[in-house]
Structures are given as structure tokens and as C-alpha cells.
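Have a look at the structure below before the remarks.
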Amino acid sequence: IFFQGMQAVLIRDTHCNSIYRGFQIPKFCKIHYKSQLKSHLTINSSSTLANTCNMILNIFLAFCLFVSVSHGESVVDFCVANLNYPKGPAGYPCKDRTNVTVDDFVFSGLSVPGNASNPFKLGLTSAIDATFPGLNGLDLAMGRLDIGAGGVVPLHSHRVSELSIVLEGTIISGFIGADNTPYYKKLNKWDTIIVPRNLLHFIVNVGDAPALVLASLNSANPGLQVFDTALFGNTLPSSIVEKITLIDEEQVKKLKGMFGGSN
């Protein structure tokens, strides 16, 4: 069904009365079609009958759209991750509902500070589908960021957007737009910042005490690519890294040693 101007047109190469399943077109409607799916609905009656036919088609089209939208919603309440199977593009397979308990929907890991014994003085605790099975398929994740004094969350990106709130401390947080424009600001307790998806972003603790930030992302598997480890935590030859970064090879090798890279 489509609309040509204000005239409803119905395409079908079978009998008029078999177009609808359990919903018959009035006998005064007749289908006439031409090549390349160009057709016209002709009404062998008065203008009153033509208006009636158009009204029926409009109602039927609205009904089809309603059914289509309704069927687009999930047909299950939840899909707790079955971690015994590998993850696919849409997440983990569903755990057998008879084995689901309330513990699948509760995560206590965010109460524990992350390990900040690293060059960035950053501890990260993630509530994602792999650690919190109840999130599977729900397009939600959270992360706790413990940032020591002088510590940073290095440049990184996710496939999705991130909303962060400062719970303790003072930080500078921001992101870099696709046009290389930086957007950043000093944030204090309860300040919140949104980072659009895919953009490089960062946090610097500019206070004298550790900072605590809680981040929420709109995916149970938001992905994470850290700029530094992407460059120096791999086996890409140092000579190539030197060329693409303009950092001398000696410094590249030093950074590779720091981030676990080689070659």
C-alpha cells in the first residue's frame, strides 16, 4: 500500500477479495495494475464509495504500522547472560529462565575501589554484561573510576555515549570533537558531563585528594579503546609507530615497554 498524492493506491496481483487475511475489501473495489509495479485503484461507483474505500485503506495502513511497531519491541522481559557460551554481536545467549535468580540482577562490585597501581593512578570497576549478567541486552552499563591525586583517565573512546557524575574530588573532564575542537571544564562534586559516542575523552584529577567518578553508558558492552595502549601496547614495529606519531623510535620503545608492547 502507498499513497499517490492524496489517493490511496493498493498494489496486488491477486483477486481483490483475497488481499486481506480475514479482512475483505468491499466488492465495489477493483484492482488494476500495470508493469513495474505501477497500479491504480479504480472505483466503479460514485465519489461516496470512493471516499469509503480510501477510508478503509487508510485504517488498514494505520493498523499495519501499529502492528509493525508493536512487534519491534522485545517479546521477553529480560535475557540474563549465560556466561557458559561465547558472546555474539548481540550479546550473550539467554540463561534458562528456570535458573534465573534475583542475584542475576544485583551487582555489588561498584562498592569496591579499583586497583590504581598503574602509571595513570586509575582504578576501574566495570558493571557490564560479562560481570553483571542481568545487564545483557538492556543497553546499560556502569563504571566506577577511582583516580588518585594527580591521576588521569587517559584518552579513550567507546562505541556509545557516556554520562559521568563526580562523587568526590575535583577533576577536569572533556572530549575532542570530530573537528578537533576540545570541550572541557573543571567539575566538582555532583557535576555531570555527557560525552557523545565514539569521541576521544579524558579526565584529569586536579585536586589534592583522590577523585571518584561514576559513569553510565548506553550499552551492556560499550567497548573501550585507550589511545596510549592502542599505539604502544601492540606488536606494531616501532619504526612504523615513529612515522605515524612523529615520536622518536627510542621514546616509542620506552613507551612500548611501559604499556606491554613489543617489536
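Each position is counted from 1, following the chain as shown.
Note: Cβ is positioned from N, Cα and C throughout, glycine not excepted.
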Going by the disulfide annotation in TrEMBL, which one of C64, C79 is bonded to C94? C79
Fewest Cβ neighbours within 10 Å, where candidates are the binding-site residues H156, H158, H201: H156
Using DSSP, how many residues of the domain 'Cupin type-1' (108-253) fall into helix, strand and coil, respectively? 25 helix, 56 strand, 65 coil
Spatially, and counting Cα to Cα, which of the binding-site residues is closest to C94 (disulfide bond)? Options: H156, E162, H201. E162
For the recorded positions listed here (C79, C94, E162), which one has the lowest count of neighbouring CB atoms within 10 Å of its own CB? C94
I need the neighbours of the Mn(2+) site defined by H156, H158, E162, H201. Which other residues of that chain put their C-beta within 8 angstroms of the C-beta centroid, in sequence order? S157, F175, V195, L199, L200, L217, L224
